[in-house]
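**Student:** Pasting in a structure now, in structure tokens, and then I'll have a few things to ask.
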Amino acid sequence: MVLTLLKAKPERKLAKQICKVVLDHFEKQYSKELGDAWNTVRDILTSPSCWQYAVLLNRFNYPFELEKNLHLKGYHSLFQGSLPYYPQSMKCYLSRTPHRMPSERHQIGNLKQYYLLNAASLLPVLALELRDGEKVLDLCAAPGGKSLALLQCAYPGYLHCNEYDSLRLRWLRQTLESFIPQPLVNVIKVSELDGREMGDAQPETFDKVLVDAPCSNDRSWLFSSDSQKAACRISQRRNLPLLQIELLRSAIKALRPGGLLVYSTCTLSKAENQDVISEVLNSYSNIMPVDIKEMARACSHDFTFAPTGQECGLLVIPDKGKAWGPMYFAKLKKSWTT
């Protein structure tokens, strides 16, 4: 009885922090866009005690003991080799139950052994199919989890991590310093450019480009402590698709012909997901959708997907026992002809 009460208290405390302004707004939009699935998604997003955390192991300071312990605790390896592209060097473990490992502290000179993340955020990285020696751009890179995941997949010839927000840039630098050995840092460039200018600054430079765009971050917005700020965010939300399209246009310019681009967000919003990709596909004759339905089939054991009406776009939605997402991602290819 005492244990039950102790567990229930944090849940009640967190529940009080749910921002009604945001929840009401999401309720109107997502009940239309997701239908009945929204009920389950809402229940999970508003109950942090249901949230799950995946453990991405750092190949540059591999935690063999931790890996053994994760097996003993019932964690299993994500994907288990079922995806068309899944490098052996990437090791990520997850548990079916909501359990969060303690985060490691940042210590100068010592590389961290693992990174905690929403497992769905690895899907855009894997969709990019990074190979050794390629030039890759992470256009909106902070806090650095996807850049770190890219480096678990392959050794790029050049990795450009860009972040326009100066506070988030500091976070990105610390992530890279915490996980990446010095020799590899030499092939990484960190910049603070407005992402909309990258295409003009580095035209047709990159083999692969990841655009993890600024978006309505559904999970964090629901727990906004300042309701006035939340209301302001919601009113400005309609401007986000324009920014996202401008970032994609810049990314397309920076991509070499024959190169691949992956666009991702952590929102359920159709306006920021499918509509953005449709607009780009309708605007360019040399940008082609890449069918990624096979990815959804291959990892349906660990993730729940909502229909997107697109072969090139997938949407992970939180579900019971698979509380990952929201995460939308779409894959595009730049052809040789304009």
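Cβ coordinates come from backbone N, Cα and C, glycine included.
Because TrEMBL annotations are produced automatically, they should be read as predictions rather than curated entries.
Per TrEMBL, active site, nucleophile is recorded for C266. What TrEMBL records for C140, A141, A142, P143, G144, G145, K146, E163, D194, D212 is S-adenosyl-L-methionine binding site. Here TrEMBL flags 45-335 as domain 'SAM-dependent MTase RsmB/NOP-type'.
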**Student:** Assuming the binding residues for S-adenosyl-L-methionine are exactly those in the record, C140, A141, A142, P143, G144, G145, K146, E163, D194, D212, what is the maximum CA-CA distance in angstrom, rounded?
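**Tutor:** Per the listed residues, the maximum Cα distance equals 20 Å.
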**Student:** To the nearest whole angstrom, what is the C-alpha distance linking C140 (S-adenosyl-L-methionine binding site) and C266 (active site, nucleophile)?
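**Tutor:** Answer for this pair: 13 Å between alpha carbons.
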**Student:** Between the Cα atoms of G144 (S-adenosyl-L-methionine binding site) and C266 (active site, nucleophile), what distance do you get, rounded to the nearest Å?
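**Tutor:** If we compare the Cα positions of G144 (S-adenosyl-L-methionine binding site) and C266 (active site, nucleophile), the gap is 15 Å.
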**Student:** So what sits near A142 (S-adenosyl-L-methionine binding site) in its own chain, CB-to-CB under 8 Å and at least six residues off in sequence?
**Tutor:** E163, D165, R168, L169, W171, L172
**Student:** Which residues of the same chain, at least 6 positions away in sequence, have a Cβ lying under 8 Å from the Cβ of the residue listed as 'active site, nucleophile'?
**Tutor:** N118, S121, C215, N217, D218, R219, G325, P326, M327, Y328
**Student:** Long-range neighbours only, meaning 6 or more apart in sequence with Cβ under 8 Å: which ones does D194 (S-adenosyl-L-methionine binding site) have?
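**Tutor:** Once residues fewer than 6 apart are set aside, D194 (S-adenosyl-L-methionine binding site) is near Y164.
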**Student:** Neighbour count, 10 Å Cβ-Cβ cut-off, for K146 (S-adenosyl-L-methionine binding site): what number do you get?
**Tutor:** 23
